[in-house]
Amino acid sequence: MSFYQPSLSLYDVLNALSNQTGQRGQQGYPRQPQRPQRYHPHYGQVHVGGHHPRHHPLYSRYNGVPNTYYYQFPGQAYYYSPEYGYDDEDGEEEDQDEDMVGDSGTTRQEDGGEDSNSRRYPSYYHCNTARNNRTNQQANSLNDLLTALIGVPPYEGTEPEIEANTEQEGEKGEEKDKKDKSEAPKEEAGETNKEKPLNQLEESSRPPLAKKSSSFAHLQAPSPIPDPLQVSKPETRMDLPFSPEVNVYDTEDTYVVVLALPGANSRAFHIDYHPSSHEMLIKGKIEDRVGIDEKFLKITELKYGAFERTVKFPVLPRIKDEEIKATYNNGLLQIKVPKIVNDTEKPKPKKRIAIEEIPDEELEFEENPNPTVEN
């Protein structure tokens, strides 16, 4: 059996290419990214600010939980992973794209106004880049608010208005003075005269800055240098003991460690102090005493089961490990660790160790190969 294979000429190839280009032209150009307050043809309505449909990539960014449901965490310098126990395989959050942060700041400000300016998005304790992106987003939203109060439309700077005013002032100056002057000095003079009232309006319309209340007074920026007083990093894995919330107080004569353990029993706690590593390990187990079957459970935020947390103290001042005391009351486990403030103990004197001389059997045999044995 033979098959016939037709031969293609150059004309046939060119004709096929022209047909493909014609079909692409009928489909139209690819859709360009739309700016806020623009009509999206594939949505059928105008989307302003943060109102995006569920399949939009920015939907989850504006429909999350407000930051009022979150509390602040210490910086990275206060967390460490203890060497003993289990390994910490806590994954870090991925860095967000800077372009997405910039777009979200502008769209959120145009929609919410003052409400969106007061709302802040949560930033997680193990993600420094998210904290930096949040500050950039707040700065962009503040600029958009100022432009909205002044009356300048979005996505348009103040340069076109300044240039138009400078041209009018230049024409008036030419008619009055009737002198040949270059346009550059007039534009510079007009810009300086116009920027002053704009700056005054921005300063007058700028809202007062609110002070951020924080339970960590000296935490202003993350420091790469570890703090001498540290706690173990909170565990997020479900197959390992959970980490209860902890507060550590450093007073003049004692360290006070407070852990939140509601619904627990003091007999289920185990507190161990390791003098060699200056670490205190608190572990135990919390039992579910509600008495309702888990099949009726719909929302769960309470933690039950095994827990574990470690506190690492500085080397100095030293700690009186024999006087450590712990109390459990109202769901709070309070541990007081006293310090040795005035160390009056004298250092022990140096002790020289004498080396004992042991005779060498081989040398003795060489000196006396035939020893005489006495009867």
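The backbone N, Cα and C atoms fix where each Cβ goes, and this holds for glycine too.
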Among S123, S213, S276, which is annotated phosphoserine in Swiss-Prot?
S213
Would you mind telling me which one of S18, S215, S266 Swiss-Prot calls phosphoserine?
S215
Reported mean pLDDT - the domain 'sHSP' (237-356):
84
